[in-house]
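**Q** Pasting in a structure now, in structure tokens, and then I'll have a few things to ask.
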Amino acid sequence: VGAAVFFGCAAIAFGPAAALVLLTVAAEPLRVIVLVAGAFFWLLSLLGASLLWALSVQLSGREDAALLLPGAAAAVLLQELCRFACFKLLKKADEGLAMLSEDGRSPISLRQMAYVSGLSFGIISGVFSVLNILVDSAGPGTVGIHGDSPYYFITSAFLTMALVLLHTFWGVIFFDACERRRAGGLGLVVGGHLLVSGLTFLNPWYEASLGPILILTLCTGLWAFGTAGGSFHNVLKCLSCKR
Amino acid sequence: MITFMNNSDSEEEPCNERTSLMSAGSPPVPSYQDGLQASEAGEVQAHRKRRAGSSRGPNNTAGGEMSGSGVPVRESAPENEEEELTLKYGAKHVIMLFVPVTLCMIVVVATIKSVRFYTEKNGQLIYTPFSEDTPSVGQRLLNSVLNTIIMISVIIVMTVFLVLLYKYRCYKFIHGWLILSSLMLLFLFTYIYLGEVLKTYNVAMDYPTLFLVIWNFGAVGMICIHWKGPLQLQQAYLIMISALMALVFIKYLPEWSAWVILGAISIYDLMAVLCPKGPLRMLVETAQERNEPIFPALIYSSAMMWTVGMAKPDTAARGPSQQTWDAAEDGREHHRSPSHADSQMSETRGPVPTRPVTSLEELEEEERGVKLGLGDFIFYSVLVGKAAATASGDWNTTLACFVAILIGLCLTLLLLAVFKKALPALPISITFGLIFYFSTDNLVRPFMDTLASHQLYI
């Protein structure tokens, strides 16, 4: 469909992620390591989910598409489980770093690690969802020639962007909830993830899927902002460049 | 193998020695031209350095003095400060290895995906004589295992040959061998590569221009690698030759053999470095007995100011063994060249870093560097390149292998910080890479494809 679609959709899908990585992660080696570690954990969860799905397809003998709903649900739950495992590991690493440092504080805070690991989950999840599609979009073809929606690429790009941001926010909220042992936060993250995944099942009815997902992204973002200690007051202070 | 090798002389050092992720603390390599005069001072410094956890072998007097003054204070620093320094530098040095490994893989994957030449089947190396064109699965498996056995035996023979050469002090022979192989890699393989790239993009180039380009590229490469040159240029050349070698392997190793060889070579790496009778370990110990650096091997050095002209025994040992595989393997001999370059570069860098070093931390930052053997670069890139070439046009597999290798490297560096001795860099990364390749290609791909066809997101 052309290079324009490729670059446009790639920018939509990964623009915010790239900006976040370049501005906040790339300069700090520890954060880059956490980024790669988060991606590794997400891949583990995907491996588990694919294994489960392949097994269930084999065992049940039904066609693949019918098992997608439970498959996707299992994938979501496994992802959250791996996020929890990531939390445990990072917490241990945080304690280790604090122990080794001279002033008893680790060079990276758990909140920063929450943000970076959420971002890494988002990036790797987005890449795995959309990279093959993007590469196809650079080549020849007609979108929706068999009657599917012609907006496939652009909606995929927006969905990926939303997913990347959502993972980042969920990471922050999840780690905070785990740290303070609040099951409510955990439940809402898992529920939110299941909801988003379920909404994508409504594709290609994009008003019902893409719209709510974007609204959900905004709300989750505000919630994560509050969890991380932000407030309207902080925003004003930041904008007025006061210290 | 890995450059972090802190050779077994660590037993003699005091137990608060931090040899951590930094490059090997082996005594500095005396340049063959300049004789050993620098090595005495260098060794003292090196020992002190090793004790302080710095990795570089100060081959230059200026650096040596500064490090000398810097070291005692560092040693008196509290234990946890040293540890903290270690870890803090650890993260930075992990990134200093991530970047070149990533660059090498990017070059290899980009070439594989665009230049058709490297994915065409055009014969095999003589070290993998059994063809995989048989219809039955069992026969194919058997052939690939036989190929692997032959390849690994060749490597073992060459490594033992190298150990013998080293034992009987045939340095000139090794040196000449290295130069010959890097010549072949920098000129012949670059010529082939350039030819194929030009063919792919249908760009015409006349022979005089081609000659000029190749000549300049090769000559500067030889100088940078074997003699002196800017650090970043040397690093760039090392990355390029690793990529070229990896591409040759990807082209000439048949599919199943390649995977089995990758697995076997990580096991070999593990045994050669860790077993007491392993050839690489014997090489290290011989060098220790003689109190001289293990002869220069192909090492990628990421030292910030002073390159450490340390020989990396593992790569050294592996270098020649693999080099003798065939012409293509001469790339491994390149592994040797950089170390020569390192030692000489460090000599020349002596007078260069005269900018005032104000604080100790700054000094430490400038001293430390990490090294990774080029063999590791090559095999990482072979794995990712094979994944890109054979994974049914899927980018997810390539990416999964890439993440797996980076995580393996990170874990290896962590183990290095814990154990503080020479460690093989291949096993963990290659194991993760293989696991992720096969599982992503067979399990994840159908799942993600089905999800994508319905535009579902998980």
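Glycine is treated like the rest: Cβ placed from N, Cα and C.
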**Q** Which residue range, A:2-28, A:29-55, is the one TrEMBL calls transmembrane segment?
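**A** Residues A:29-55 are the ones TrEMBL records as transmembrane segment.
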**Q** For the transmembrane segment entry in TrEMBL, name the matching range from A:81-101, A:186-206.
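**A** Per TrEMBL, the stretch marked transmembrane segment is A:186-206.
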**Q** Which range wins on Cβ pairs under 8 Å with the transmembrane segment (A:186-206): A:29-55, A:151-174, A:212-236?
**A** A:151-174
